[in-house]
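Some features that Swiss-Prot has for this protein:
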BINDING   Arg54, Gly55, Ala56, Arg96, Gln205, Ser256, Lys257  substrate binding site
ACT_SITE  Asp246  active site, proton donor
Amino acid sequence: MRERLMAAEKVTGIRWHHGALHLLDQRLLPSQERWLACDNVAQVAAAIRDMAVRGAAAIGIAAAYGLVLALEERLAEGGDWEMDLEEDFLSLAEARPTAANLFWALNRMRDRLQRLRPGEDVLAALEAEAVAIHESDREANLTMAQQGIELIRRHQGSEQALLTYGNAGALASGGFGTALGVIRAGFLEGMVERVYAGETRPWLQGSRLTAWELANEGIPVTLCADSALAHLMKSKGITWVVVGADCIAANGDVASKIGTYQLAVNAMHHGVRFMVVAPSTSIDLNLATGEDIPLEERDADELLDYAGTRVAPQVEVFNPVFDVTPADLIDVIVTEKGVIERPDTAKLAQLMCRKRLH
């Protein structure tokens, strides 16, 4: 199964080659496939902030490589690189404050610097750590795909119709994807007949990115207006909603793309199972509940500009990027460390316990 999944992988959004970071500019998809070459940390921070790269895991990976570029700059300057590098840690951390993976990756890079041996090549060590973060995320996604498909198999009566929202695919990760990884695996196993994708306003990650990823791999996908998703659940025989996560609190509350919360409410009303697929790096046990997760808001122009024209110029705008889905609306959280059905604080703590062997 794992070999089949790897062979089916066609989309990637992050490349590290000869000391340069290349990011597929997701703002331009699907009309243009343009790669950004990032040569310094300022360019990486801007790419994260401006959503050229997006998705919690992808942001963390890009930030890790950004620190490698930052260190290279600081060493060339010849000053106190350790003190100067703190500015770069801060600029990357502030780029997208909701993504738990971003802070996890930055903390892991900081920890690697603190474990340097006497005489060790600091730049080589940090680059190796960034590459390891990238590769481990892809491996985690492959594991989650297999675990998620076993859940779908357990409840399968016939080929199923799945609904996804936002973009939790290869573009949002180190490869293969989280929610879309499960969907890809289900299609390869003959268990997924059709995927419905919500358009995901206002950035249209569903229509621009998810539909593009699935269509590229020959997976039948139907795009739906966000306002049609409740009707879709009622009329089209949806069996699972499968989404990703940007941050998971200690009690199992999940911050994800704005609109996910109302999707979960509708799923419960219609008896549709709700699955969250995310690496354990998205879990922050320091956040007791979803109320503690910082939720980013973006510029009003994203809602007020249409085809270059300002609409409703006199109104105020509420434009949150994420919302929080309470744990009691979630049937299962799938991570590479294991599967949690009906998540709560005790189950999350057990999953993340350092004494676990797997």
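Backbone N, Cα and C atoms are what each Cβ position is placed from, and that goes for glycine too.
Cβ neighbour count for Lys257 (substrate binding site): 26 (other Cβ atoms within 10 Å of its Cβ, all protein chains included). Neighbours of Arg54 (substrate binding site), defined as other CB atoms within 10 A of its CB across all chains, total 26.
Rounded to a whole value, the Cα-Cα separation of Gly55 (substrate binding site) and Asp246 (active site, proton donor) is 7 Å. Spacing of Asp246 (active site, proton donor) relative to Ala56 (substrate binding site) is 5 Å (Cα to Cα, whole number).
Non-local contacts of Gln205 (substrate binding site) by the CB criterion (under 8 A, 6+ apart in sequence, same chain) comprise Arg54, Gly166, Asn167, Lys257. Non-local neighbourhood of Ala56 (substrate binding site): Ala99, Ala100, Asn101, Leu102, Ala172, Gly244, Ala245, Asp246, Cys247, Ala278, Ser282, each in the same chain, at least six residues away, with C-beta under 8 Å from its C-beta. Under the three-state DSSP scheme, Gln205 (substrate binding site) falls in the helix class. Under the three-state DSSP scheme, Ala56 (substrate binding site) falls in the helix class. Across the residues annotated as binding substrate (Arg54, Gly55, Ala56, Arg96, Gln205, Ser256, Lys257), the two Cα atoms farthest apart lie 17 Å from each other. For Arg96 (substrate binding site), the count of additional Cβ atoms within 10 Å of its Cβ stands at 22 [all protein chains shown]. Sequence-ordered, the extra residues of this chain that approach the substrate site, with Cβ no more than 8 Å from the Cβ center of Arg54, Gly55, Ala56, Arg96, Gln205, Ser256, Lys257, are Ile59, Ala99, Gly166, Asn167, Ala168, Ala172, Gly244, Asp246, Val321, Phe322.
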